[in-house]
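Beneath this line is the structure, given in structure tokens, with notes to follow.
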Amino acid sequence: MSAADGKRPPRSLGEGPTSVASVESPFCRICHEAGSAEELLSPCECMGTLGWVHRACLERWLAASNTSYCELCHFQFLVERTPQPFSQWLRRPSPKQERRTLLSDTLCFLFISPLAGVSGWLCLRGAADHIESGSRSRLEAAGLIGLTVALLTIYLFWTAVSVRYHIRLYQEWRKTHHRVKLLTPRPPGPPASLNPLLGPPHPAKRPSSSDTVV
């Protein structure tokens, strides 16, 4: 109210019921955003502002929490889970210790595999030469054969243990990392061109021959 004429100044457009309506507009309870290109859904039994959520936000939350129900009303969602591919596991932000172990085992495998193959071939070749040279060299041949078997056994045992360890890590990661797709159908709405207050438009009346003006 101004001191000059005692009248209340006019109310701006942002005040009053308009601002209250904008504050109380529905928003996603996960990202807390209302103005988005994706429409809001109410897929569970929660009421009020807690009942609205974006489909993409809910799918990401279900994938991260490894659940398929609402944490508030415990409504069971109908979802489709697809395991993540192996390439996604390789690109995951894993702990430094696991990544360092995977890198070191891969480098050791690439280095030891040809070394073990060449060593085994040389030992067997030497054993064959000792066997052909006579009976006095059979002891050396047996020693070379035993060395070849020991090298291959150690190499295969280390490879099996390393591969089994990383497979177990991948299987544990795969159990908790899925691509979740919400199968809740979208509620059908009236076409945008129809006004629900006026009802469906009547078909246009075709003029008869008697109404035609010549």
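Please read every residue number as a count from 1 along the shown chain.
Any Cβ shown, glycine's included, is placed from N, Cα and C.
Just so you know, TrEMBL annotations never went through curation; they're auto-generated.
The feature compositional bias 'Pro residues' is assigned by TrEMBL to 185-202.
Positions annotated as domain 'RING-CH-type' by TrEMBL: 20-80. Summarised as a single figure, the pLDDT of the domain 'RING-CH-type' (20-80) averages 81.
Per TrEMBL, region 'Disordered' is recorded for 1-21 (among others).
Look at TrEMBL and you will find 182-214 (among others) tagged as region 'Disordered'.
Here the transmembrane segment (102-122) has Cβ contacts under 8 Å with residues 148, 151-152, 155, 158-159, 162, 166 of the same chain, all six or more residues outside its ends. Under the heading transmembrane segment, TrEMBL lists 102-122 (among others).
As annotated by TrEMBL, transmembrane segment applies to 142-165 (among others).
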Same-chain residues at least 6 beyond the ends of the transmembrane segment (142-165) whose Cβ lies under 8 Å from its Cβ atoms
101, 105, 109, 112-113, 116, 119-120, 123-124, 126-127, 130
